[in-house]
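J.: For reference, Swiss-Prot lists these features for the protein:
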TOPO_DOM  1-30  topological domain 'Extracellular'
TRANSMEM  31-51  transmembrane segment
TOPO_DOM  52-62  topological domain 'Cytoplasmic'
TRANSMEM  63-83  transmembrane segment
TOPO_DOM  84-101  topological domain 'Extracellular'
DISULFID  CYS100-CYS177  disulfide bond
TRANSMEM  102-123  transmembrane segment
TOPO_DOM  124-143  topological domain 'Cytoplasmic'
TRANSMEM  144-164  transmembrane segment
TOPO_DOM  165-187  topological domain 'Extracellular'
TRANSMEM  188-208  transmembrane segment
TOPO_DOM  209-238  topological domain 'Cytoplasmic'
TRANSMEM  239-259  transmembrane segment
TOPO_DOM  260-276  topological domain 'Extracellular'
TRANSMEM  277-297  transmembrane segment
TOPO_DOM  298-378  topological domain 'Cytoplasmic'
REGION    339-362  region 'Disordered'
Amino acid sequence: MSDHEDLNKAMGHWNASESYQLNPASVIVSVVFSLIFLLGTIGNSLVLAVLLRSGQVGYNTTNLFILNLSVADFFFIIFCVPFQATIYSLEGWVFGSFMCKVVHFFINLTMYASSFTLAAVSVDRYLAIRYPLRSRELRTPCNAVVAMVVIWGLSLVFAGPYLSYYDLIDFENSNVCVPGWEEHNRKVLDTCTFVFGYVIPVLIVSLSYTRTIKYLWTAVDPLDGMSESKRAKRKVTKMIIIVTVLFCICWLPYHVVILCYLYGDFPFNQTTYAFRLLSHCMAYANSCLNPIVYALVSKHFRKGFKKVFSCILSKKGRNKVHVVNVANTVPGFEAGSTEVSQMNEENARQNESEMVNRPLAQPQDTTMTITLPFQNQP
């Protein structure tokens, strides 16, 4: 018997027999994966609703990348988590050969899309903070959309081989979804996935945020010191860094387990089974953590959540009169357009100067008529 067949049978035993016999683990897995599915579906749906409802997503590159990340997380939750949960709760794979291939393809597709998006947004934040004026022509919504198309295109290219990577095998009268490629080909593909889907994006993110933090926390604005614009930059950078760190932490054990299968001595026993289960739970939980981070860090996003909930719970909210501070009317992320904040400050100074030199005008009587939105029209 070849090493390839030995590994497939061992993994078949791990996926089917071991998981089915561990009844307590099956119950725990069902609860944990159900919680991940509910939180991820609701959380990412709210993120998408807030961004799309605000109408500002098309004018801000950071919000576009956050939207792209939420779409990737939402697809992962819907197309991957429910099916992967059955590996630990059922005796075998019950969804057929096609879904065996498609589910693992979507796992890697969305993982690539998330890692590439985080790398792109880290570069975007660095340019916005370090070169707010010079980078304005580059950091346009149109270019951000092009970057998103490139991200999904590259993700399709890198994840495409996984459509043929997995196969169904028969093990103890059960169908089990396991890798079907030869060992050498598996090593090449999984190593490339680790390098291009994890290592390189993490290096880009680390370099970008190291330079961003160094500049943001040490640079001194000679005009106004710690301005509102600079505080907003720090807050949104903090939020994106937290999201990125969570991605790195949650996906690292998943890659380590796969590499240990291929290159290390990783016996199939209860301990390694538990570690594999933990690595999957951490990777899948990452897709439901981002909305929680947005809600905890971003004041404007919390307001966006409340507005979405108020629209869902009560249709009468449309007839209410809200007095809102103009500076807080955008329910998106506090990133806003950091360069716009600087331009607003400059315009304010210019307007003050014009007011001083402008001759006084004769007072005139002015009549203002206000029509409330809930008044009956004639």
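Cβ atoms here come from the backbone N, Cα and C positions, even for glycine.
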J.: Run the contact check on the transmembrane segment (63-83) against the transmembrane segment (144-164): 3 or more C-beta pairs under 8 Å, excluding pairs closer than 6 in sequence.
T.: yes
J.: Would you pick out, from the disulfide-bonded residues CYS100, CYS177, the residue whose Cβ has the largest number of other Cβ atoms within 10 Å?
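T.: Checking each of CYS100, CYS177, the winner is CYS177.
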J.: Report, as numbers and ranges, which residues of the same chain sit near the transmembrane segment (31-51): CB under 8 Å and 6 or more residues beyond its ends.
T.: 57, 63, 66-67, 70-71, 73-74, 76-78, 81-82, 84-85, 88, 281, 284-285, 287-288, 290-292, 294, 301, 304-305, 307-308, 331-332
J.: Would you mind listing the long-range same-chain contacts of the topological domain 'Extracellular' (84-101), meaning Cβ under 8 Å and 6+ residues beyond its ends?
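T.: Same-chain residues near the topological domain 'Extracellular' (84-101) but 6 or more away: 15-16, 19-20, 25-26, 29-30, 33-34, 37, 107, 162-168, 171, 174-177, 277, 280, 284.
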J.: Other than its close neighbours in sequence, what residues sit by the transmembrane segment (102-123), given a CB gap under 8 Å and a spacing of at least six beyond its ends?
T.: 62, 65-66, 68-69, 71-73, 75-76, 79-80, 83-84, 95, 147-148, 151-152, 154-156, 158-160, 162-163, 165-166, 177, 193, 196-198, 200-202, 204-205, 208-209, 212, 240, 243-244, 247, 251, 283, 286-287
J.: To the transmembrane segment (239-259), which of 144-164, 188-208, 277-297 is linked by the most Cβ pairs under 8 Å?
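T.: By Cβ pairs under 8 Å, 277-297 leads among 144-164, 188-208, 277-297.
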J.: Using Cβ atoms and a strict cutoff of less than 8 Å, what residues sit near the transmembrane segment (188-208) while being 6 or more residues removed from its termini?
T.: 108, 111-112, 115-116, 118-119, 122-123, 125-126, 158, 161-162, 165, 181, 244, 248, 251-252, 255, 258-259, 262
J.: Could you put numbers on the helix, strand and coil content of the topological domain 'Cytoplasmic' (124-143), residue by residue per DSSP?
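T.: Helix/strand/coil tally for the topological domain 'Cytoplasmic' (124-143): 10 helix, 0 strand, 10 coil.
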J.: Along the topological domain 'Extracellular' (84-101), what average pLDDT does this model show?
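T.: Overall, the topological domain 'Extracellular' (84-101) comes to a mean pLDDT of 87.
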